[in-house]
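Notes for the one structure printed next.
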Amino acid sequence: MLKQKIVLIGNGMAGVRCIEEMLKIQPNHFEITIFGSEPHPNYNRILLSKVLQGDTTIDDITLNDWNWYEENGIQLYTGETVTHIDTAKQVVYSDKNREVRYDQLILATGSLPFILPIPGVDKEGVTGFRDIQDCEKMMEYSNKYKKAAVIGGGLLGLEAARGLLDLGMEVDVVHLSDYLMDRQLDPAASKLLQKELEGQGMNFLLGKNTQEVIGNTHVEGLRFSDGEEIKADLVVMAVGIKPHIQLAIDSEIPVNRGIIVNDYMETNIPNVYAVGECAEHRGVVYGLVAPLYEQGKVLAKRICGIEGDPYEGTVLSTQLKVSGVDVFSAGEIFENEQTKTIKSFNDWEGTYKNVLIQDGKIIGAVLFGDTKEGNKLLSFINKRADVTEYLEAEKGEEAGASLVATMPNEEIICGCNGVTKGDIVQAIESQGLTSVEEVKGCTSASRSCGGCKSLVADLLECTLGDAFSKSNQKEPICSCTTLSRDDVIAEIREKNLTHTREVMSVLGWTTSEGCSKCRPALNYYLGMVNPLEYKDERESRYVNERLHANIQKDGTFSVVPRMYGGVTNSDQLRKIADVADKYNVPLLKVTGGQRIDMFGVKKEDLPKVWADLDMPSGYAYGKTLRTVKTCVGESFCRFGTQDSMGLGIALEKKFERVGTPHKFKMAVSACPRNCAESGIKDLGVVGVDGAWEIYVGGNGGTHLRAADLLCKVKTSDEVIEITGAYFQYYRETAVYLERTSVWVERMGLDSIRAVIEDKQNRIELNQRLNEALSVLQDPWKEALNSDRILKDLYQSVKVPAGVK
Ligand SMILES: Cc1cc2nc3c(=O)[nH]c(=O)nc-3n(C[C@H](O)[C@H](O)[C@H](O)COP(=O)(O)OP(=O)(O)OC[C@H]3O[C@@H](n4cnc5c(N)ncnc54)[C@H](O)[C@@H]3O)c2cc1C
Ligand code: SF4
């Protein structure tokens, strides 16, 4: 049978979803060619803010990897733009002089960021926030500059602002309205959001009309219509999007704001369709994935010649998915004379709800702080449910029935992918699914923005009853596998696996090389399970750990020698001064961890600097014990009755170098005045009335957390024994890159205490830790003694793609 030739222009979320649906219906029916201007396979644009925040790499947000195209016999041309369509001859032409004939053509060209038409927008340092290239640009700027301005206080602008804050920039968000997300939130919710985000460090300039981008060739700031100016080295325009329709216009395909389509996504040119953000349906152009996926499904059926329901438009809902703020809105959100409301505000818990009713029907809702009810409300709004139905459902919840239990089967759980409660329950029951990840793999629920994960977990609980355990929910360690951390460690132990590649091949990784998430994690887990035999794989480590120095924004490195307990002497200081002079070290800085950081060392000078210093590495770059900060204690302080420096030095000497899931900081203060800040360390010790209190799980970084009291002991030896057990228990049970502050909350302080209080456990944990400590050597010395390491790493640095 002759296959139908399908050409898709635009390798983005909507177009590729339509192809997926077509392949589900008629797998071997089409000869498919896809053109994409971007150089990547189809990725989840929704998660770009995560890439910007530095949590996630491009590999991790890929939706359809290269193999998928190959396996489905799709000819993919990336980095190639279609420049013209001859709709009479049914041929498309690309900027690489390629001509491809089609039987059916799908336009899915998406949108372009809207750039304000004001003077100065062409200056260097102005960007939109639409694709990976924009993220890379922002990340690059954050290395060089400090101040960013985001124009636009909508969803996109706030996501960009959060990302830039995480990249260490100061961020002003400029918004025309007096209210953030003013098209999705009512004024009350908007003010709550503003307060929350101000607490996170965002600065808002509301009611401001940007008139000009100022500067010479590069952006230096913004000027507003009221004459006020602010400084900025980077300007992100997040003021909206406009459908990408130039190609359609040039090819005489009818457009209005978008490419005009009917209820079957057909343009009025034979065999030419449009889906996604470039399409205009019944006068509406959509900018969220849920309606675009619905359109894709309708079009797939049309192209496959299957009778299906027409697309009749979508009620939109919005969920903010960054910044740790839960916000939901759908339908009508502004009150007027005809509307009534059901409102609640809980100042203590920081939650707000406003449900809008007109003629007894639910027509819109805004939720802040607790968005669990969001999908239920969306379905009430979609079907214009009677308010009594909503109130009945609420009563059911109050009586103890879970929210998902009261939902009807046709209610949508995953708004992005249109997956209903019935679909999920059926998949759980028929396929024996037990985890959110399995449900995602099977039904696509939670595959896009992830906002419905907790509802999926509730549905699993509700369907499986006692057989389901929330705490046993296993997230795969990355997208190369479905196995969780616990599964992988169990397999490493059982099958005696000894190398990252062996793990990947034996456990059926979907990629041959792994990714930047799993490679360092596997390297850690293998070393933790088998410390005596495992040979650390430097190439699987992040660049700082591989080079044993911290790379700086100008490409030079910083060198931090160890100063046990923050105590030094004149010989060390003289040596550091001499080395700084000899290698023209431009900056010497005393760190928060009580030691000296030598900034601006050239990569090729690193080994020479280490040799001349002749001091151990301070591991300022490592996922290991960083420093033990100490107060001066009984030696000099009139309040101190205990030897905090002595204990700090003993702890640092004992526990240095061994790998931990994330960095680990300690401190010892000799009295509750706590001059060494023991209350915000992974493990902090405080002297009290002839005893030591041990605090755990503290964090003084972005996610500030006060440490919890673990226990009180009499002697320094006991502190060291408890610390060893605690340290090893964290090594053995935490997920790679999980700080103790998160781990303590996940495990529960009581359960950790129960393990550590048990004498036998303490002995065994310390034995295993001592084994791991016994084989470690100073990495600077190791490098100096190895010609191979010196040649491979310090003469030319190779950074494997994807590992930052
Ligand atoms: C940072 C960010 C956060 C978002 N968050 C959410 C969210 O939380 N929830 C939500 O529902 N939506 C969200 N969205 C919107 C969502 O990502 C889009 O609605 C969706 O990606 C649109 O899909 P599309 O296929 O229509 O367009 P796109 O994904 O933009 O794909 C279009 C592709 O076509 C290519 N193209 C264009 N012209 C040509 C040509 N002539 N030849 C070849 N290729 C071409 C483009 O380069 C592009 O790769 C977000 C978007 C961004 C940028
Ligand atoms: S913590 Fe107490 S003992 Fe230590 S320096 Fe401060 S006041 Fe002195």
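Here the Cβ of each residue, glycine as well, is placed from N, Cα and C on the backbone.
Bear in mind that TrEMBL entries carry predicted annotations, made automatically and left uncurated.
As written in TrEMBL, here are the features:
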type    : residues                       : note
DOMAIN  : 5-281                          : domain 'FAD/NAD(P)-binding'
DOMAIN  : 317-384                        : domain 'NADH-rubredoxin oxidoreductase C-terminal'
DOMAIN  : 412-461                        : domain 'BFD-like [2Fe-2S]-binding'
DOMAIN  : 477-526                        : domain 'BFD-like [2Fe-2S]-binding'
DOMAIN  : 551-614                        : domain 'Nitrite/Sulfite reductase ferredoxin-like'
DOMAIN  : 622-759                        : domain 'Nitrite/sulphite reductase 4Fe-4S'
BINDING : Cys631, Cys637, Cys671, Cys675 : [4Fe-4S] cluster binding site
BINDING : Cys675                         : siroheme binding site
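Listed in sequence order, the residues Val632, Gly633, Phe639, Gly640, Ser644, Ser669, Ala670, Arg673, Asn674, Ala676 complete the 8 Å Cβ shell around the [4Fe-4S] cluster site centroid, once Cys631, Cys637, Cys671, Cys675 themselves are left out. Of the ranges 5-281, 317-384, 412-461, 622-759, the one with the most Cβ pairs under 8 Å to the domain 'BFD-like [2Fe-2S]-binding' (477-526) is 5-281.
For the domain 'NADH-rubredoxin oxidoreductase C-terminal' (317-384), the number of residues in each DSSP class (helix H, G, I; strand E, B; coil) is 9 helix, 33 strand, 26 coil. Cys671 ([4Fe-4S] cluster binding site) has a Cβ environment of 19 other Cβ atoms inside 10 Å. The Cβ of Cys637 ([4Fe-4S] cluster binding site) has 16 neighbouring Cβ atoms from other residues within 10 Å, across all protein chains displayed. Break the domain 'Nitrite/Sulfite reductase ferredoxin-like' (551-614) down by DSSP state and the numbers are 27 helix, 15 strand, 22 coil.
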